[in-house]
Amino acid sequence: MSQSLAWNRKDLIDVEHLSRDEIETIFTAATAFKRAMEADDKKQPYLEGRTVVNLFLEPSTRTRLAFEVAASRLSADTITVTGGASSLTKGETLRDTARNMEALKADMIIMRHSASGAPNYLSKVVDIPVINGGDGSHAHPTQALLDSFTLLEKFGSLEGKRITILGDILFSRVARSNIWCLQKLGAEVTIAGPSTLVPKEFEALGVHVCHDLQEALEDADAVMLLRIQHERQTATHFPSIGEYTSTFGLNKQRAKWLKLGAIIMHPGPINRGVEIDSELADSEQSVVLQQVTNGIVVRMAVLHLCYCAHNGKSIELP
Amino acid sequence: MNEILWITGGRIIDPANKRDETGDLYSVDGVLVEQLDDTQKKAATKIDANGLVVAPGLVDIHVHFRDPGQTHKEDIASGSRSAAAGGFTTVVCMPNTSPVCDNAGTIQRIMDKVARESIINIYPTGCLTIGMDGEQLAPTGQLKKAGVVAVTDDGKCVQSNEIMRRAVEYAKMLDLPIMDHCQDASLTQGAVMNEGEWSLRLGLRGWPKAAEDIIVARNVILAELTGAHIHMQHVSSANSVDILRRAIARGISVSGEASPHHIEFTDADLKDYNTVYKMNPPLRTDADKEALIEGLCDGTLACIATDHAPHSPDEKDREFDTAPFGIIGLENSLASSLGTLYHSGRLSLSEVIALMTHKGAELCKLDAGTLSAGADADICLFDPDEEWTVDPKQFFSKSRNCPWEGQTLKGKVKSTFVAGTQVYDGTSISA
């Protein structure tokens with residue numbers, strides 16, 4: 001099948017600069033891949049003979065695996081390079097590492113990096129597509145896209161839907177990307193959590209900022225929980241994990257504040273008993289595992305679209 | 001030496017003497033004189049300055065020449081040539097070299113090199129504290145004897161109020177100006193850009209203005225307590241300007257400087273993670289920029305200083321978080337300042353020149369920045385309206401980290417004289 005789809009980007013760096021048409025193009029492709037996957041037609045030929053490098057310079061399990069699976073389902077060869085195993089630990093610059101991968105004839109680079117803006121930098125250094133697998137506190141575009149894809153499966157449309165993102169917004173690349181993605185698709189976004197992690201300056205991005213959990217959850221169609229990221233916060237941002245849980249942790253009782261039929265999302269990894277009760281994380285309200293599955297097809301879509309755009313190929317879908 | 005210079009027909013602007021007129025300027029043996037006699041006129045080297053401004057050589061009380069220790073970025077020779085090409089005849093170097101300038105020996109080493117290699121007047125500063133660690137006072141008396149014109153821990157800020165108080169008291173006894181880089185380090189851990197909407201958008205660690213404001217307020221209080229004068233370097237926030245304005249109105253002896261980049265760029269310029277906009281203190285918001293300009297207009301901020309901070313291309317060519325802070329600015333400072341302050345209609349030509357000459361010189365008690373008879377013939381000739389496009393590759397500085405790259409600016413230095421000798425002819429270094 002050949003379709004006229006809106007996509008001419010070599011790279012996927014963030015959601016902020018994507019148009020709604022581009023987001024919907026990704027979803028069209030993801031839907032096609034998901035349909036094929038459910039029909040047990042898992043393997044697609046679109047990146048056959050191509051090499052995809054997973055350059056993961058910051059720890060990751062599910063994103064890295066999801067990209068590896070996505071690339072493999074597109075028939076690409078994948079190479080994974082992690083921070084500790086790269087020459088960056090010997091002082092090699094990111095430019096040199098990336099240029100070497102290009103010289104090794106890699107066709108795409110997926111990068112996770114602890115520094116915000118690193119994929120922007122990389123995309124200017126190399127001529128092959130760069131897909132952002134999460135950079136610092138800046139962006140995690142494929143996570144936001146799979147989150148919205150999951151919400152669309154549930155609701156059909158996000159127009160007027162009220163979505164609350166709860167937790168550590170300040171240090172969260174997932175929150176930032178979701179704020180852009182959800183709003184572009186017509187949702188109303190509330191961000192909630194302690195004032196030290198949810199500064200009111202976020203209002204400039206068009207969201208409602210809230211520090212009262214009940215207010216944040218009431219009438220929400222979905223709540224996205226974020227992991228409390230001990231590794232990014234200084235000790236000064238909240239008094240203790242216990243204090244956080246008692247004030248902002250989601251439990252069964254508090255979940256009743258949500259709109260009937262509302263869903264609970266989490267990008268993982270979950271700190272069970274911290275931002276969410278274990279029982280609730282595994283409940284029918286939770287779509288955490290659907291998010292993981294959708295992560296494969298959304299990433300297949302992104303890899304396929306960027307590869308086609310960069311190589312001047314028409315977009316074929318199963 | 002019997003060299004006679006006769007600059008004719010230029011618009012002579014000497015703010016220190018409230019002079020703005022078309023006329024001639026003379027120097028004999030490197031010193032400005034009021035007139036030449038007929039014999040001297042016949043022997044003089046005549047420079048036609050018709051259509052040009054004839055100003056005092058520019059003065060910058062805040063530059064980093066990285067010498068000793070990091071001469072791959074800049075050294076005394078290249079820094080002095082960069083300054084000369086920007087119209088500067090006098091600069092004050094910061095002490096955060098390697099080793100830092102916390103002892104007379106390092107100062108002597110710099111002075112010796114200046115004597116050998118510089119084509120302009122370069123004055124060193126000394127550290128406030130040993131190793132710039134903020135814990136123990138540097139030997140300020142010995143530093144003064146060695147030739148420093150001010151003390152500062154620039155690049156760092158003394159965090160202990162007690163140490164700062166004693167450093168200020170001690171420097172006052174020695175009649176040495178005190179300059180401070182105002183930054184509460186506890187508020188800027190890991191910070192790389194202004195805290196605000198853009199740091200939230202970009203996911204970069206924010207650097208609140210309060211980190212500067214708190215120290216500016218602290219220094220105002222210490223200036224009042226000790227009676228010493230404290231100069232705030234590279235002021236970047238509206239609140240800091242306001243604190244200074246109120247303090248000065250109350251008669252407290254404090255001052256501040258603004259850099260050309262803080263009055264031109266904002267944190268929105270970081271939107272593409274271009275490390276050439278990474279600087280300390282960080283670029284702030286439009287409101288802060290406007291407050292700085294207002295501060296320069298009403299005299300709250302005494303002068304313009306570049307904070308010329310060279311870094312090699314390799315060091316800047318990396319992820320934003322790990323790139324060093326700082327930009328160069330000597331070779332475009334006049335043009336960019338003219339653009340922001342004069343061509344925009346905010347200040348007269350004379351007022352801008354004052355901010356770049358005698359006002360800074362007075363803060364550091366330097367004999368520079370005027371065209372008074374008897375002063376050294378340090379002169380800058382420039383065309384305030386000539387346009388040129390900034391190409392850092394053509395700079396005399398060793399470094400290229402210049403955020404004005406590609407911009408077309410108005411205001412071109414045509415000639416620089418130091419003690420009556422031409423050191424820059426508008427194209428090349430002639431000393």
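Positions of Cβ are set from backbone N, Cα and C atoms, glycine also.
Feature annotation from TrEMBL assigns domain 'Aspartate/ornithine carbamoyltransferase carbamoyl-P binding' to A:10-153.
As annotated by TrEMBL, carbamoyl phosphate binding site applies to A:ARG62, A:THR63, A:ARG112, A:HIS140, A:GLN143, A:GLY268, A:PRO269. Annotation for A:THR63 (carbamoyl phosphate binding site): spatial neighbours A:ARG112, A:GLY133, A:GLY134, A:HIS140, A:THR142, A:GLN143, A:GLY295, criterion Cβ-Cβ under 8 Å with sequence separation of six or more. In three-state terms derived from DSSP, A:THR63 (carbamoyl phosphate binding site) belongs to a helical segment.
The L-aspartate binding site annotation in TrEMBL covers A:LYS90, A:ARG173, A:ARG227. A helical conformation is recorded for A:ARG173 (L-aspartate binding site) in the three-state DSSP classification.
When pLDDT values are averaged over the domain 'Aspartate/ornithine carbamoyltransferase Asp/Orn-binding' (A:159-305), the model yields 93. TrEMBL lists A:159-305 with the feature domain 'Aspartate/ornithine carbamoyltransferase Asp/Orn-binding'.
Long-range Cβ neighbours of A:ARG173 (L-aspartate binding site) (same chain, at least 6 residues apart, Cβ-Cβ under 8 Å): A:SER116, A:GLY134, A:ASP135, A:GLY136, A:SER137, A:HIS138, A:ALA139, A:HIS140, A:GLN143. Residues near A:GLY268 (carbamoyl phosphate binding site) in space but far in sequence (CB under 8 A, at least 6 apart, same chain), listed by position: A:ARG62, A:ARG227, A:VAL288, A:GLN291, A:VAL292. With an 8 Å limit on C-beta distances, the binding-site residues from A:LYS90, A:GLN143, A:ARG173, A:ARG227, A:GLY268, A:PRO269 that reach chain B are A:ARG173. Cα of A:PRO269 (carbamoyl phosphate binding site) to Cα of A:LYS90 (L-aspartate binding site): a distance of 30 Å.
The carbamoyl phosphate site in the record is lined by A:ARG62, A:THR63, A:ARG112, A:HIS140, A:GLN143, A:GLY268, A:PRO269, and its two most distant CA atoms lie 16 Å apart. For A:ARG112 (carbamoyl phosphate binding site), the number of other Cβ atoms no farther than 10 Å from its own Cβ, over all displayed protein chains, is 26. Here the binding-site residues are A:ARG62, A:ARG227; the one with the fewest Cβ atoms within 10 Å of its Cβ is A:ARG62.
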